[in-house]
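Take a look at the structure below.
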Amino acid sequence: MFPDTRTRPADTGDPAREAALRRLSSVTAQAERAPVPWADAEADGRRPERVPPERPDPAAWADPPWWRRVRWAPDRIAGIALVVVVLGLGGFSVHRLLSAVPEGAPVPELPLATPGVTVPADGSSASGSPQTPAGTGVHPTAMDPAGAAGPGNDGSAGPVVVSVVGLVGRSGLVTLAPGARVADALDSAGGVLDGGDRDGLNLARKVADGEQILVGLAPGPDGPRGPRSGIVGAGDPPVDGAPAPAPAAGTAPGAPPSGGGLVDLNTADATTLETLPGVGPVTASSILAWRAANGSFASIDQLAEVDGIGPVTLARLRPLVSV
């Protein structure tokens with residue numbers, strides 16, 4: 001079955017050839033001695049079955065999914081387009097941020113202050129009502145050419161509260177709208193009674209918050225018969241503009257007249273009444289206005305009905321006055 005590879009005499013003489021023949025003879029001998037896998041099957045008369053070679057799975061022959069076939073290899077145009085899109089989105093975001101910044105709030109205008117006078121932010125005095133600066137020398141009933149109220153009227157939009165006393169229908173506090181006139185205040189108080197001095201008031205003057213409107217007696221043929229009409233405020237001089245009389249030498253302010261006499265409420269004039277403690281020009285005018293409206297005082301307790309006299313002032317005046 002295998003060729004005879006035994007050395008022949010004619011082949012001797014070449015060492016390399018002889019070595020190759022020896023190796024071939026050894027391999028041939030080993031092959032002859034090895035068992036044949038199908039020797040038993042041939043001995044039994046059966047033909048050995050041939051094992052087919054392994055075949056790959058048919059599913060492996062199908063095309064792979066599309067995402068596995070895509071190659072990420074952008075060219076120059078695609079890169080430039082991507083950069084343009086990114087820059088556009090960045091610019092749009094910056095524009096939105098800048099446009100969302102709120103504008104600054106407007107600065108409110110500050111009120112104009114008179115030199116030497118402190119004006120709060122709301123334009124009123126520290127006590128809550130406008131006051132005439134001390135030492136200005138302006139009469140409280142003075143009116144500027146434009147017809148505005150005297151010093152102290154701040155022209156605020158809030159209601160105006162004034163006191164109306166004297167010969168009016170209803171003495172007391174009245175609340176008026178901003179920009180109200182003296183005539184409006186008198187109408188709210190019931191109007192001027194007969195004998196009242198209407199001509200002493202500028203009815204077209206604008207009133208200021210915290211003022212007091214006094215309606216006195218109309219002057220007679222012989223001259224004034226009582227307090228004059230006017231508009232005063234806290235700390236203002238008397239209606240006629242004259243300063244309060246100084247007490248007599250050796251007499252303390254607010255003490256009764258010298259000689260120990262009592263002040264008669266039914267006969268005393270404004271000058272005498274102002275010598276009493278706690279009685280100033282405004283309170284003295286209110287006492288005279290009450291006396292003109294009611295005739296005379298029947299008792300000292302009726303002083304409590306006068307505007308501006310409370311329980312404390314009445315207790316101080318009781319031992320100093322008479323009726």
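Cβ from N, Cα, C; glycine included.
The annotation compositional bias 'Basic and acidic residues' is assigned in TrEMBL to 43-57.
Residues or ranges marked as compositional bias 'Polar residues' by TrEMBL: 124-134.
The annotation compositional bias 'Low complexity' is assigned in TrEMBL to 226-253.
For 271-290 (among others), the entry in TrEMBL reads domain 'Helix-hairpin-helix DNA-binding motif class 1'.
DSSP assignment over the domain 'Helix-hairpin-helix DNA-binding motif class 1' (301-320) gives 15 helix, 0 strand, 5 coil. Taken from TrEMBL, the feature domain 'Helix-hairpin-helix DNA-binding motif class 1' applies to 301-320 (among others).
Feature annotation from TrEMBL assigns region 'Disordered' to 25-62 (among others).
The feature region 'Disordered' is assigned by TrEMBL to 112-154 (among others).
According to TrEMBL, the feature region 'Disordered' maps to 217-260 (among others).
Among the features that TrEMBL reports, transmembrane segment is placed at 77-98.
Beyond the ends of the domain 'Helix-hairpin-helix DNA-binding motif class 1' (301-320), by six or more residues, the same chain brings 163, 165, 171-172, 256, 262-263, 265, 276-279, 282-283, 286-287, 290, 294 to within a C-beta distance below 8 angstroms of the stretch.
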